[in-house]
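Trainee: Heads up, here are the entries from TrEMBL:
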type     : residues : note
COMPBIAS : 759-770  : compositional bias 'Basic and acidic residues'
COMPBIAS : 777-787  : compositional bias 'Basic and acidic residues'
COMPBIAS : 801-810  : compositional bias 'Basic and acidic residues'
DOMAIN   : 2-69     : domain 'CDCP1 first CUB'
DOMAIN   : 78-181   : domain 'CDCP1 second and fifth CUB'
DOMAIN   : 187-292  : domain 'CDCP1 third and sixth CUB'
DOMAIN   : 314-402  : domain 'CDCP1 fourth CUB'
DOMAIN   : 409-497  : domain 'CDCP1 second and fifth CUB'
DOMAIN   : 513-626  : domain 'CDCP1 third and sixth CUB'
REGION   : 756-810  : region 'Disordered'
TRANSMEM : 636-659  : transmembrane segment
Amino acid sequence: SFTVSLRTTDNITVMIKLRPGAPQGCQIRAKYLPRYDLKIKPGENVTFTFTCKTPEEYFIMEIQKNIDCVSGPCPFGDVHLYPPGLPRLNRTFIWDVKASTKAGLELKFATPWLRQIEPGATCPDFISYNISSCIDTATVNIGTFCRGGSVSRVKLQGGVIMALYLPWNSSPITSGFNIANRSSIKRLCIIESTLKEESSVTLMSPNYPLGFPEDELMTWQFVVPSNLRASVFFHNYSLSNCERKEERVEYYIPGSVSNPEVFKLSDIQPANIAGSFNLSLQGCDQDAQNPGVLRLLFQVVVQHPQIDENVTHLVDLSREWDMTVTIHPEGWPSWSPFGSEPICLVCRDPRSCDRALTLVSGAVYKISFLCKDLARLRITAEKQISCVDFWRCQGKIYSLSVPKAITQLPVRLHKFIWKLLAPEQINVEITSPTSKLQQHVQEQRCSTSYSYSINSATPERDLNVGVFCPGGSIEKIQMRNNVTISLKTFGKGFLNDSSRQDLKMSFVQHIKDECTFTVRPEPGAKLYLQAPSGPHGLPPYVSISWYVAVPSKQVARLGFSRERLGVVCETGRAYVNIQEQRLGAEETVRREDEALPQPLHMYHSFWVNVSNCKPADRTHLSLQFWVTFAEKKMDLAVIIAVVAGAGLLVAIGLVVCCVRKKKKKSQNPMVGVYNANVNTQMPGKQGLFKKGRKNNESHVYAVIDDAMVYGHLLKESNGSVGPEVDVYRPFDGPVGSLPPSPPPLSFRKDIKLSPSVEEPPHLTETDHDAYTFAHQKLGEPEKEGDTNGKSNGDTSTSLLENKEQDGSEE
């Protein structure tokens, strides 16, 4: 059981009631009557018990003490927790102090002082203070505070409602504050914050975030040692609609030549302030119909002065276009403004500093840093390149490299973003002529000091092309629509590698596919390529192509990392097409429901194309393939065929050579003069052709001059005038791979026929008496046949045989 005795003079009331939302599983038993709430008034003595063993799970308790400082003296000094012997429940002590508006009350807190938190937040130890000010009938919530901070005193105009919340398992001895004195302050409140060492404090305006009272004035006093520097940052604020006056903040800085210094809430606030200073917030007369909301959340950072705070760095962006450069702390913009550690500041002048500073192109800046460790700062830059008229953009090559104005700063570049904007029917081409690009995949990770993340965007969808780094085989990437390229650095090596950047960009006319890669590897290379995917795979109805150039004297081996595309189509079909770039090359096609081909050998440059369908739920297309290169090796059968063919050509050459040598020995010399007494038939088989030249006298000359003799006899004669005869002289020039052609028909002379000789029948096109000279092959038997038959003169008499027969008759 518990007994609570309240004296009348203490003016204390105790209320025990059910927790909001708690079940009615436990009751309070007082004077033998069960109940769910109990109120003990001043002067009462009540004994009660609980019907359960864990009443803290069901009940809460409020202890309210009323203090009147208007009609009587104020109880200055420490405020005690009274009465003692209360049950262990979640309890709230409330001190309601009535005071005149002409005499403000001062609440002084014991160390470790207080730290302001946003409404709804909780303290680590679950012990919290709430301070409110009462002016006439209006109540203003000054703020909620936890133990352990910089707020050492609070002065309030008029009355005060102070509430201390204690959890059931805590047993503090004192309340942690006292009522120090009262004096007129002529403003809503004054909050004192004492900062003895490097630290950070976050404070909010009264009634935050609901709105600062109309036309009110309040002040924050910051007590800072003279050897430290303070900087103010506004993180969240809004303005009301003023009818009269103007909302503003005023600074009183000791030693300033213009106290008070007036700033708008939208201005960059003073920084690098030496010693203590005051900050005041002034409201205005608001519009009654639409008052708006004035609120402010800000941060004050105190730190030691930096050795290099007077060192300035020149950032020349005068020749740049459409570019912004932001210097910020690591983790920006997701960093929390409520940290207690000292921060790094970037300053445009000694008193204009901020945690993040943005510079724009077309100007020159001189900046300095207030930071112990510049490694905590980063640079993020963005540049926009656009093309509206293709005829003005064509032929222009833009360099996608980081300007020296950024790389020369003593701050690490975190990211450089190029936004390439092109209207419809104009596309973007990215090239890397010297270093080329390597795609970052699981099997072939990038290990360079920087990489490029490429995205192609349309109003309907985003295509994550992939992550690439220098030192690969991708020479060119063509993309449709707007493109974003993000250069991201890793470590400190980019400072040395930045001079070797060679990424170029140009605008080109419309391309067929969403994205096309041109891959030109070095001989013997091995590369992995992957279709653009992202978290949801290749977008529906998108087509991607790769052109892989196969180096000369090399053969490529193409293989796929997975057996299938991994997509189930809801509408349409997904395909993979592979084709060499040569005339008549066959095309290899696989659908999404078919297995991808086994490794293929490519002897020419080839194309790989993938086209997506509309995937079913929870499935997406994922394609990755690899290409290796090796020296071309001739097949064994080809080698045997080549060797055999070479041997055959050598044998034929030897036979021809021997035949020519024998013919040269037997000719002494040959003269193409016809002799009627010579047998013109070739020895050998008889009867192959039934009709022979001996049965057809069309080959016999009717008249022949006596001067027609052999050539060697003509050379021996002494006559100065030679007879007019048809003489064939053997070929005296070089001998080629083919035998010389027979003499043309124009070589023959028409000969007048004797009337005593019967005129032979007229020659047809296939039955003429053309001179033909066949060289007999060694070891080949001679054939007898019609030399003017159906073979159209493909056989002839042998001059060698004619010469031998003529000599025998002589």
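Yeah, the Cβs are placed from backbone N, Cα and C, and that goes for glycine too.
Provide an account of the burial state, proximal residues and distances for the features listed.
Mentor: Summarised by DSSP class, the composition of the domain 'CDCP1 third and sixth CUB' (513-626) is 0 helix, 51 strand, 63 coil.
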Trainee: Determine which recorded stretch among 2-69, 78-181, 314-402, 409-497, 513-626 has the most C-beta pairs below 8 angstroms with the domain 'CDCP1 third and sixth CUB' (187-292).
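Mentor: Comparing 2-69, 78-181, 314-402, 409-497, 513-626 against the domain 'CDCP1 third and sixth CUB' (187-292), the winner is 78-181.
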Trainee: On the DSSP side of things, how many residues of the domain 'CDCP1 first CUB' (2-69) fall into helix, strand and coil, could you say?
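Mentor: Tallying H, G and I as helix, E and B as strand, the rest coil: 3 helix, 36 strand, 29 coil.
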Trainee: Between the domain 'CDCP1 fourth CUB' (314-402) and the stretches 2-69, 78-181, 409-497, 513-626, work out which stretch tops the count of Cβ pairs under 8 Å.
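Mentor: That would be 409-497.
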Trainee: Averaging the per-residue pLDDT over the domain 'CDCP1 third and sixth CUB' (187-292), what integer do you get?
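Mentor: Across the domain 'CDCP1 third and sixth CUB' (187-292), the average pLDDT comes out at 93.
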Trainee: Does the domain 'CDCP1 second and fifth CUB' (409-497) reach the domain 'CDCP1 third and sixth CUB' (513-626) with at least 3 CB pairs under 8 A, where each pair is 6 or more residues apart?
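Mentor: Counting Cβ pairs under 8 Å, at least 3, so yes.
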Trainee: Work out, from DSSP, the number of helix, strand and coil residues along the domain 'CDCP1 second and fifth CUB' (409-497).
Mentor: 4 helix, 50 strand, 35 coil
